[in-house]
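According to TrEMBL, the feature Fe cation binding site maps to 220, 222, 276. Taken from TrEMBL, the feature domain 'Fe2OG dioxygenase' applies to 202-336.
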């Protein structure tokens with residue numbers, strides 16, 4: 001997605017706090033905004049269902065990248081749960097609605113398992129976090145019966161790392177902290193990257209973010225990967241969110257846009273190293289409801305060689321209950337260039353245990369573990 005320029009709309013009425021830069025000012029504005037209010041009038045909405053929004057004089061111009069239709073066969077797109085590239089929308093590259101359930105299920109049921117690393121590892125033993133799905137599914141299925149119950153472990157999950165595991169303290173990847181990257185997510189990522197002109201993209205690291213309705217993602221730049229020529233892929237599922245895309249410096253006011261379930265954002269080229277953040281997750285206008293695109297279950301008949309798996313009725317019920325008050329985001333990155341190695345690190349750092357370090361980079365209003373401030377380099 002290209003960089004956008006100019007116009008902020010009603011946001012200009014918010015007074016800046018002492019020492020507050022333009023990005024933080026808008027972050028605070030949208031964090032405090034009310035769903036459905038005029039406060040969101042300047043937020044660009046690229047979805048087909050909202051084409052009338054974000055088209056006025058205050059809408060920022062977006063450079064539409066040409067898709068490489070011939071780089072991904074219709075069969076491979078279908079295997080990954082995507083529509084043929086020729087049918088992709090300009091900005092919301094939504095797959096067949098039912099296929100979103102596969103990726104939601106994988107994030108909750110499979111990718112959250114060991115040996116992958118998650119935020120709960122800092123406070124719990126490996127045995128206690130061995131299978132978050134099994135420990136949580138009955139809580140989630142009974143969610144509508146007992147709304148005052150304690151949160152399940154899945155509802156306390158904030159992030160999971162895949163492949164090369166990101167170290168939140170050192171803000172680095174290393175060869176020592178690696179587990180095999182999920183093959184299905186790698187295939188999906190390769191097809192999306194190829195369609196956007198990045199043939200040969202290798203999915204080497206993933207960060208999964210699990211948002212509650214009170215979660216935010218702080219202002220940051222994803223610069224820890226050693227090869228910035230490759231794109232960062234972002235897949236959104238569940239409740240919608242406001243995404244802020246800024247400039248190279250914090251004093252440039254960001255562009256606000258909606259991210260809906262099924263949207264894929266590709267940050268590449270100049271936008272690869274821009275400041276960005278998520279100040280707000282927006283609850284459904286129907287209360288605790290699902291986006292319309294998620295009301296369709298996974299198709300019963302799938303391609304024989306599909307990486308997408310059938311979703312049982314029981315799993316579908318658990319995922320549905322979870323997503324009514326949550327958003328899941330998968331980001332996939334290539335860390336190293338071809339034939340590139342990690343630089344040597346001091347012996348002390350190699351010995352550090354990433355499963356007991358770092359804080360979740362998602363901030364919740366009610367979280368007992370919060371960062372003192374938003375980290376610009378996370």
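Cβ coordinates come from backbone N, Cα and C, glycine included.
Keep in mind it's a predicted model, so treat the numbers as computed, not measured.
Take the CB of residue 222 (Fe cation binding site) and look out to 10 A: across all protein chains shown you find 18 other CB atoms. Neighbour counts of Cβ atoms within 10 Å were taken for the binding-site residues 220, 276; the minimum is at 220. Assigned with DSSP, the residues of the domain 'Fe2OG dioxygenase' (202-336) fall into helix, strand and coil as follows: 19 helix, 51 strand, 65 coil.
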